[in-house]
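Chemist: According to TrEMBL, the protein has these features:
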type: COILED; residues: 14-41; note: coiled coil
type: REGION; residues: 179-226; note: region 'Disordered'
type: COMPBIAS; residues: 208-218; note: compositional bias 'Low complexity'
Amino acid sequence: MGNIFVKKPKITDVDRAILSLKTQRRKLARHQQQLDAVIEAEKQAARDLIREKRKDRALLALKKKKTQEELLKQVDAWLINVEQQLADIELASKQKAVFESLKAGNNAIKAIQSEINLEDVRKLMDDTEEAKAYQDEINAILGERLSAEDEEDVLAEFENLESEITLQSLPAVPASSVLSTEAARKTPKVQPEAGLQVEDKEDEVLELPEVPTTTPVPATSDDISTKATRIKVLEEPLPA
């Protein structure tokens, strides 16, 4: 049977420091709990002694309680320092990991660039340009390129097709409008003579009655009867 060997991870000084700080944090937390219990016990003892009217013993219990509270404050400060130290170590470890990653990436870039020679790149570009120029020369010899006249014909055909497409995209004109337009074009227009135009303009001038200059007087009943008699005499026939 073959033995299976498992490689153990190497323990560094950083790992030992982290372990020590975590152990100390656990001990300080346990000590906090103990101090809280002692403080609560001394406080309860002081209450009982006050009920028993034992003032000296009650004051002693309160002094012990005060001492334990001061110690608890120190333990709290120690615990805060331990927590801060652990956070700094964790942050430093992350920064180191990032630095190692960046360093590895930089080395990879340098390794890749070392495989590419700048002169080889320039030679490759020159060879590509020469090959392109050689192919263009072959195409010109074989007559694959269009002449200047062919280019003009292609452009003219393109413009014609573009005009046809533009006309097809315009809206259709109604047939009635087209017929009326054609009839108007076919009907001859008569131009009146200059003299007739002047006569028509003179005929159009209206003759207005003269405006009276005297103030009108209202007619009386005698005037009306006299006018009626005159009209009757004029209407009667003369004797034979």
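Glycine too: its Cβ is placed from the backbone N, Cα and C atoms.
TrEMBL does not curate its annotations; it predicts them automatically.
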Chemist: Residues of the same chain, at least six outside the coiled coil (14-41), with any C-beta under 8 angstroms of its C-beta?
Modeler: 64-65, 68-69, 71-72, 75-76, 78-79, 82-83, 85-86, 89, 93
Chemist: Would you mind giving the whole-number mean pLDDT across the coiled coil (14-41)?
Modeler: 91
